[in-house]
Amino acid sequence: MASESGKLWGGRFVGTVDPIMEKFNSSITYDRHLWEADVQGSKAYSRGLEKAGLLTKAEMDQILHGLDKVAEEWAQGTFKLNPNDEDIHTANERRLKELIGETAGKLHTGRSRNDQVVTDLRLWMRQNCSMLSALLCELIRTMVDRAEAERDVLFPGYTHLQRAQPIRWSHWILSHAVALTRDSERLLEVRKRINVLPLGSGAIAGNPLGVDRELLRAELDFGAITLNSMDATSERDFVAEFLFWASLCMTHLSRMAEDLILYGTKEFSFVQLSDAYSTGSSLMPQKKNPDSLELIRSKAGRVFGRCAGLLMTLKGLPSTYNKDLQEDKEAVFEVSDTMSAVLQVATGVISTLQIHRENMGRALSPDMLATDLAYYLVRKGMPFRQAHEASGKAVFMAETKGVALNQLSLQELQTISPLFSGDVSHVWDYGHSVEQYEALGGTARSSVDWQIGQLRALLRAQQTESPPHASPK
C-alpha cells in the first residue's frame, strides 16, 4: 500500500522529494484521462486475486464496491486530487483506501504499475480507436454520397499543378475517399494489436501468485494475452503504430485540404466553403479565409511531431520499463483529440461545400484533349509512340498559329498524319473524353459507379468488423 507520504513506493527512501522533482515526475495532469480504464483493470484484477485465493469473497466485494464509488466520483466530477497523487494509479488507490480502509492495500498484490499502466493505456486506446473508426467511416460515407450525387460534373484533372485531362468531379472526391479507406483498414489492424492483455506480467518477471491471466483477459474482453512479461511491460509498438496511422491519415487529409484551398481561390473558383467553416480578416472586409482547411493542413505537422518524438524516445531505451515511457500518454491523448476534431471538421467541410459547375466546365480546354488525339490515332492503327509525337506536333502547330487545338482544320491535321479524318471531331467532346476511360478505376460513369459500389461495400464490411467496443465488466 502507499507509504505515509502517499507514494506507492517508499521504505528504502529517507527524507522528502524536491518539490521541483515532484512536479517533474508527476503525470496526473494528463494520465487522469485513464481513470475509467484504471478502475476497470483494478476490478478485473481483484477478481483474479479472489480466484487465486489471495482475497476473500468479502474482501473482493468490498474492493469492487469501493472502486465503483471511485468511478462514480470521477464521472460526477467530484473526485478530489491530492498533492501527493503523482499519477492516476496513486490517486485511485489512495482514494480507495480512504473509502474502505486497509483492505485496499491487497489490491496491488503481485501487480506493478508497469503492467497496470500499459493495461490502462490499451483499454483506453481500444475504445478510442472504435470512436475514431466511426468518425473516419462517416467522413468516407459523406464523400461517397457526394460523389454519387455529382457524378455528371466534369472539371480539369491536374498533374504537377498543370491542367492534364478532363475528369469527373466525383473521380477526384473518390481518389481521396479511397486513400481514407486504407486508413480505416489500418486503424482496425492497429486496434487488433492494441487488444492484447499485458496485466499479470508484474514489473518484469511475471506473476508468482497463481493469478489466472486467462480470467483477466476474459474480464477485460481482450483478444489475446501477451507472450513475454518483459516485452509486455515495455513495448510501445502499439502506440507508435497508432501515431503512425494518425500521421498517414493526416497526410491524406492535408493533401485533400490543399486541393480544396487551391480550388477555392478566385483564380480557380471551383468550390466555395460554407461560412460555418470559414473565417474573415480583421483588416480586409472582403476576405473569406479557409481556416478549417488550413488548420487541418497544419495539424498534420503537429501529429507528425508526436510520432517522431515517440520513436526518438523508444530507440535509445534498454530492455523493460523505463520512466521515459511516461511520455507515450501525452502523445496519444493529444493526437487522439486532434484526430477527432479534424475528422469531424473535414466531414462538415465536405458535406457543406458548394461547387461552381459552370466555372469547372469553363476551365476545360481543348489542349487537355491532346492525349485523346493520340488515342484517336492509336485506334486507327498507329503505334502509341508515333501517335504521341503526332499529337505533340498538333499542339505545337496550334500554339504557333495562336489557336486552340480543336481549331486546327482537318487539312492541317492531315499534314501531320493522313490517318486523321472527319471523325476526329468526336475527340473535342469532353463528355466523350471521360467516357472512354471505362477500365475499372477510371473516370467513366460506369467506372465511377463501380468505385462507389466498392467503397460502400467496404464501409459495410468495416462496420461489421468494428462494432462499438463494450466496456469491460
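Each residue, glycine too, has its Cβ placed from N, Cα and C.
According to Swiss-Prot, Asn114, Thr159, Asn289, Tyr321, Gln326, Lys329 bind 2-(N(omega)-L-arginino)succinate; the candidate from Ser27, Ser42, Ser409 that the record adds to this site is Ser27. Here Thr159 (2-(N(omega)-L-arginino)succinate binding site) is compared against the recorded positions Lys69, Ser281, Lys288, Glu294, and the shortest C-alpha distance is to Glu294.
Here Gln326 (2-(N(omega)-L-arginino)succinate binding site) comes close to Ser27: these same-chain residues lie at least six apart in sequence, with C-beta atoms under 8 angstroms from its C-beta. Sequence-distant neighbours of Asn114 (2-(N(omega)-L-arginino)succinate binding site): residues of the same chain at least 6 apart with a C-beta under 8 Å from its C-beta are Ser201, Gly202, Ala203, Ile204, Thr233, Ser234, Thr320, Tyr321. The candidate set comprises the binding-site residues Thr159, Asn289. Of these, Asn289 has the most other Cβ atoms within 10 Å. With respect to their backbone Cα atoms, Lys329 (2-(N(omega)-L-arginino)succinate binding site) and His160 (active site, proton acceptor) stand 40 Å from each other.
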